[in-house]
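Beneath this line is the structure, given in structure tokens, with notes to follow.
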């Protein structure tokens, strides 16, 4: 060993100059340290092209593991281990799709691992990138100027994990034999199959146009027990295949638009009557048909359903029909109309061919007045003679002199004017605080068609009255008509008093209304038979009033007389003093 020998120039590190020191023997630790330092310097001076699309893809036969690269470098001294290893690393990173923006100081992968172990004992972890093409050589900084060199002095570990391809979605194959033809759409009603051409598809109003109407399949498949409930079986055809012309309703449902609502603001019965008729159906029994359709077609190409309904829903399930507009509140007074009862009993009404127009109706136009309509006979003023206040008071005084008013009463009739109604309500409130009164709620009067009886009918009736009770009982003179009854829009109210005191007191509250509204309010006295009071609780008060007129008033105690005389004397004395 010569002491003056100089170390040769390191081709991998040209910055290092010749040294006069004697080279030390290389140990495995020294070799590993030198390898790491050289690798770090190589990384600083060079640049890895990560994810550059300029790398060409190689065939799978050119892929090499870490051991193959080491053996190849040992056989060929011209090849550098670091260069070959760097090419493999760059190729793996490029195949994994990692670019410089996503790389940090530490990259993680399962295919390549670089450690500080000696070169003669390679680690068991090797570079094995399966099904990953390797690029040829690492790119230079000129080819990818966006890459920046990594400046670090620590050993690093690069682990690259190739992307996992998405798992293919396996769709089951449908055999042609498995596709069965869909059954036809049938409706069975009362053990009879109804042709679908007679069905009317009813959808909701503006809210559900263009949308699908969803109905539960349980409603369609549930068995119907009633005789009037139809049964639906296997509805599968789309609505686009059921474009049949609409036919009349086989159940005889009345037309909802045939009747007009009343324009009277006070006669709420006429306004709400047309809406109540829409909610009713014929008495032949309710029926509901629900059919759901699968597949494309119908409204907007989506799965849709159709609904045919009339009457009430079956008690087996919930209502699945289209929502209807809520009707106005119908009072008990409106439901008890004679016209509504006649309609419920299926009484036929004759519809005269008359011209309907606004304005007054003459007395002789009976057919126009009693046509089949829901409107009331409207009157701005009362259509009959109104008695004067003096006549009403004279009749009341004549009744009160008899000391019994159980067969008399007060009737108040007023129009639908808003101001009149407010005044009448105030009087009703005051009447409710009085004693011994029976008050009725306001009610309507319904009128039928007028007719003039021939002379022979009048003669038979007069003869029966002359013959006595038996002849009148056997008299059968019932003259009917087929026109619709009409109700007037004015209101009626009855007041029944127990004693003359209460009758005159109630009359004093009602007569000012007649004086304030002479054409809109009428008060009159009516008579009944010798029946009792509305309730027997008033009989004691009525008898006490009759007996009280003949009883002498109780005498005033002496002390009260003395006190009264003293008060009179004191008052006289005061007057004398003032006069002086």
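Think of each number as a place in line: the chain as shown, counted from 1.
Keep in mind that glycine also has a Cβ here, set from the backbone N, Cα and C atoms.
Record note: among 493-496, 497-500, 501-504, 505-508, 501-504 is the stretch given as motif 'SUMO-interacting motif 1/SIM3' by Swiss-Prot. Cβ atoms under 8 Å from those of the motif 'SUMO-interacting motif 1/SIM2' (410-413) belong to residues 382, 424, 490-497, 503, 506-507, 510, 513, 521-526 of the same chain, restricted to positions at least 6 beyond its ends. Residue counts for the motif 'SUMO-interacting motif 1/SIM2' (410-413) by DSSP state, with H, G and I taken as helix and E and B as strand, are 0 helix, 4 strand, 0 coil.
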